[in-house]
Structures are given as C-alpha cells and as structure tokens.
Amino acid sequence: MIKLIVGLGNPGAEYTATRHNAGFWLIDQLAREAGTTLRDERRFHGFYAKARLHGEEVHLLEPQTYMNRSGQSVVALAQFFKILPDQILVAHDELDLPPGTVKLKLGGGSGGHNGLKDITAHLSSQQYWRLRIGIGHPRDLISESARAGAKPDVANFVLKPPRREEQDVIDASIERALAVMPMVVKGELDRATMQLHRN
C-alpha cells in the first residue's frame with residue numbers, strides 16, 4: 001500500500017513550467033482531485049498535504065530543497081510517519097521515455113536523475129516505487145547528421161518548458177497515471193502497472 005506520494009521538481013516560479021517539474025504537476029493534480037491544498041511544512045522541507053484518495057489516507061509531498069537535495073525532505077516525512085521505502089511512490093521526469101509515456105516500477109538505479117540519487121542515499125534503499133513521466137531526451141531533437149558530433153545539453157533541456165505538442169502528450173500521460181491511482185493507493189501496484197503499460 002502506498003502511503004506517501006512524492007513529486008520531484010525545483011522550487012520557484014521560474015521552474016514551474018519546466019520539464020524537470022513533471023513530478024510537481026502530478027502532485028498538483030492529485031491535490032486538486034482530493035480537494036486539498038499543499039502547505040509549506042518546514043519540518044518536511046516541502047509543500048505537504050494529508051489527503052484522502054479513493055478512500056485511503058495518503059501523504060502528498062513536493063520537496064522545496066531543489067532537486068539534488070530531495071532526499072532530505074522525503075526521509076524527514078517518512079521517518080516522522082514511519083513509512084517504509086516500498087510504501088513510497090516518487091513521481092519524476094524521465095529522459096529515457098518519450099513524452100506521452102508513463103511507467104511504474106519498483107527499485108532500480110537513478111538513471112542519472114539527481115533527485116532519485118539523493119532519495120536513495122537518504123533512505124539507504126532503492127526499493128521505493130517510481131512513476132516515470134516521459135519528457136524525452138535532447139538527443140531526440142538533434143538531426144542525424146548533427147548527432148555524431150553533438151553532446152546533448154541535458155541540464156539545459158530539463159530546465160526548459162516542453163514544446164506545446166510535448167506538453168499536451170505529457171499532460172495526457174499524467175491523466176493516465178491519475179486513472180490508476182485508485183489501484184496504487186490500495187496497494188494493487190502490479191495491476192496498476194499492467195494497466196498503465198498497456199496504454
């Protein structure tokens with residue numbers, strides 16, 4: 001059963017619309033659906049709400065520590081409420097999936113994602129769930145001829161807003177993720193994964 005859903009992103013209005021904040025977009029939608037408001041909670045170093053989602057009590061968190069310090073926020077809340085790593089779902093932007101794709105998985109490496117890297121270090125475990133929201137990779141935007149010599153600027157890419165057509169399909173993928181949340185919060189994660197990966 002998932003007791004904590006974390007969305008990763010960077011704090012500040014200048015980052016709100018950037019690809020790296022896809023995790024925040026999901027949490028904002030969940031809070032709206034639950035009719036709750038995230039509030040600044042200093043002891044958790046983030047914006048926090050306790051929500052009732054599909055009959056289950058769930059904690060929602062958006063760390064306000066900047067991406068590479070996300071673990072500080074996650075572990076503060078997890079320790080306070082005695083939440084185990086496998087009861088945590090972290091929603092994050094995923095370079096290795098195209099826009100419009102969203103996948104669930106338990107455990108694994110960070111894939112170069114600094115937020116995941118820090119969460120793993122703070123929890124001393126990789127065994128937490130991830131909701132991977134595809135944003136694509138900058139190499140996908142480079143022409144074949146230019147690709148040979150070009151090194152894609154990942155840092156610049158994730159800190160820019162998606163193009164309109166990308167935003168539309170990312171929004172649609174978040175809607176699909178929201179549709180499986182009843183299963184997720186009830187602990188039916190295998191079923192949720194199958195449904196999400198079928199779409």
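A Cβ is built for glycine as well, from the same backbone N, Cα and C atoms used for every other residue.
Taken verbatim from Swiss-Prot:
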type: SITE; residues: Asn10; note: site 'Discriminates between blocked and unblocked aminoacyl-tRNA'
type: BINDING; residues: Tyr15, Tyr66, Asn68, Asn114; note: tRNA binding site
type: ACT_SITE; residues: His20; note: active site, proton acceptor
type: SITE; residues: Asp93; note: site 'Stabilizes the basic form of H active site to accept a proton'
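This view paints the features noted in Swiss-Prot onto the structure.
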residue	record	DSSP class
Asn10	site 'Discriminates between blocked and unblocked aminoacyl-tRNA'	coil
Tyr15	tRNA binding site	helix
His20	active site, proton acceptor	helix
Tyr66	tRNA binding site	coil
Asp93	site 'Stabilizes the basic form of H active site to accept a proton'	strand
Asn114	tRNA binding site	helix
Top Cα neighbour of Asn68 (tRNA binding site) in the set of recorded positions Asn10, His20, Asp93:
Asn10
Can you tell which of Asn10, Asn68, Asn114 has the most other C-beta atoms within 10 Å, given these are the recorded positions?
Asn10
Consider the recorded positions His20, Tyr66, Asn114 and say which one has the Cα lying nearest the Cα of Asn10 (site 'Discriminates between blocked and unblocked aminoacyl-tRNA').
Tyr66
Quick note, His20 (active site, proton acceptor) and Asp93 (site 'Stabilizes the basic form of H active site to accept a proton'): C-alpha atoms separated, nearest Å, by 6
Do me a favour and check the Cα-Cα span between Asn114 (tRNA binding site) and Asp93 (site 'Stabilizes the basic form of H active site to accept a proton'); whole Å is fine.
11
Rounding to whole Å, the Cα atoms of Tyr66 (tRNA binding site) and Asp93 (site 'Stabilizes the basic form of H active site to accept a proton') are apart by 14
Can you tell me the CA-to-CA distance separating Tyr15 (tRNA binding site) and Asp93 (site 'Stabilizes the basic form of H active site to accept a proton'), as a whole number of Å?
13
Neighbours of the tRNA site Tyr15, Tyr66, Asn68, Asn114: Cβ within 8 Å of the Cβ centroid, same chain, sequence order.
Asn10, His20, Thr65, Met67, Arg69, Ser70, Gly115
Including all protein chains shown, what's the count of other C-beta atoms within 10 A of the C-beta of Asp93 (site 'Stabilizes the basic form of H active site to accept a proton')?
26
